[in-house]
Amino acid sequence: MKVLWVALVITLLAGCQAEVEPEPEPEVQLGQEWPGWQDSQPWEQALGRFWDYLRWVQTLSDQVQEELLSTQVIQELTVLMDETMKEVKAYREELEGQLAPIAQETQARVSKELQAAQARLASDMEDVRSRLAQYRSEVQAMMGQTTDELRGRLASHLRKLRKRLLRDAEDLQKRLAVYRAGALEGSERSVSAIRERLGPLVEQGRARAATVGTLASQTLRERAEAWHQKLRGRVEEMGTQARDHLEEMREQLEEVRAKVEEQGSQMRLQAEAFQARLKSWFEPLVEDMQRQWAGLVEKVQLAMATSSTSAPSENH
């Protein structure tokens, strides 16, 4: 199966470099919806939003004309471009990580082809943005004059650019689909290969154990013991590798936990320092207010006592 997968990838790569008669580009109608694909990926959905926005721009309606004279359309297209290429890059890197089981040279060629297809798609979207920016400059230079010819040229350019965008998007989608299928096949093949290698060993072990139990020959027992040691060595080796991997993961988790605890300690110390600072600020104020309040209460009490003693005197 591995040979078939490698042959498929090499054939696809070679076919992309062969000189063939160019197929006629599909006619892209103004109102044509983004084709989309079954079980579409996030990058395909983002590209669909770019396509729908471009379709709206291509109507060259009064609202489009007004926003083209500002920077709104170009800014919104830039946001959609960045979102699309970000999703494409993330999906491509995910597939490259899953292609680890294939040969290093083949993997490098696959990565190169995916990057080239991604670059073509980015170039198509950049051409759209550049053409709209150019149209905006030309319209502003011809303020007060008829712009029908410019609008016609822009509409023609946008139709051609949408054809290229559709063609290169479908090319990238087909490549990613092929490589994704190969990655899934490679993962399943790795599990099957391990099962195929260990299955015969287990069966042989059972057969040898049964044979040793029925034979009294010391030579056969020694051979069985040697085979047993060999099998145990292989199992221990695989177990050691698994433990090393788990230990590495544990160390990484410990590092993360230590960093989190360190940051938590720093935040706690900062909070305590801030609390102490606040306390040092407000304690003198509170004490001063308490003293003033006590003095005020004392004065009120003294005034009330003076008033009560002077009242009887006046009665006499």
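Placed from the backbone N, Cα and C atoms, the Cβ positions cover glycine too.
Marked as heparin binding site by Swiss-Prot: LEU161, ARG162, LYS163, ARG164, HIS228, GLN229, LYS230, LEU231, ARG232, GLY233, ARG234, VAL235. Non-local contacts of LYS230 (heparin binding site) by the CB criterion (under 8 A, 6+ apart in sequence, same chain) are absent. LYS230 (heparin binding site) carries a helical DSSP state (H, G or I).
Residues or ranges marked as methionine sulfoxide in Swiss-Prot (evidence: similarity to another entry): MET142. Just so you know, the Cβ of MET142 (methionine sulfoxide) picks up 12 other Cβ atoms within 10 Å once every protein chain is counted.
Taken from Swiss-Prot, the feature region '8 X 22 AA approximate tandem repeats' covers 79-254.
As annotated by Swiss-Prot, region 'LDL and other lipoprotein receptors binding' applies to 157-167.
Sequence annotations record features per position, and here Swiss-Prot assigns region 'Lipid-binding and lipoprotein association' to 209-289 based on similarity to another entry. Across the range of the region 'Lipid-binding and lipoprotein association' (209-289), the DSSP-based residue counts are 78 helix, 0 strand, 3 coil.
As annotated by Swiss-Prot, region 'Homooligomerization' applies to 265-316, with the evidence given as similarity to another entry.
Feature annotation from Swiss-Prot assigns region 'Specificity for association with VLDL' to 277-289.
Swiss-Prot lists 79-100 with the feature repeat '1'. Per-residue pLDDT, averaged across the repeat '1' (79-100), gives 84.
Here Swiss-Prot flags 101-122 as repeat '2'.
The repeat '3' annotation in Swiss-Prot covers 123-144. Long-range contacts of the repeat '3' (123-144) within the same chain: residues 50, 54, 57, 68-69, 73-74, 77-78, 81, 84-85, 150, 154, 157-158, 161, 164-165, 168, each at least 6 residues beyond the stretch ends and with a Cβ under 8 Å from a Cβ of the stretch.
Positions annotated as repeat '4' by Swiss-Prot: 145-166.
What Swiss-Prot records for 167-188 is repeat '5'.
Residues annotated as repeat '6' in Swiss-Prot: 189-210.
The repeat '7' annotation in Swiss-Prot covers 211-232.
Under the heading repeat '8', Swiss-Prot lists 233-254.
Positions annotated as signal peptide by Swiss-Prot: 1-18.
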Handout entry: Cβ neighbours of ARG234 (heparin binding site) where a neighbour is any other Cβ within 10 Å
Key = 13
Practice task
Have a look at the binding-site residues (LYS163, HIS228, ARG232) and report the one with the fewest Cβ neighbours inside 10 Å.
Solution key: ARG232
Problem - Chain-internal residues, separated by at least six, CB under 8 A from LEU161 (heparin binding site) - result: LEU54, ASP124, ASP127, VAL128, ARG131
Practice task
Could you measure between ARG234 (heparin binding site) and MET142 (methionine sulfoxide) for me? Cα positions, answer in whole angstrom.
Solution key: 80
Completion exercise
Expressed in Å to no decimal places, the gap between the Cα atoms of LYS163 (heparin binding site) and MET142 (methionine sulfoxide) is 29
Practice task
Go ahead and report the DSSP secondary structure tallies for the repeat '2' (101-122): helix first, then strand, then coil.
Solution key: 19 helix, 0 strand, 3 coil
Problem - Summary of DSSP states over the repeat '3' (123-144), given as helix, strand and coil counts - result: 19 helix, 0 strand, 3 coil
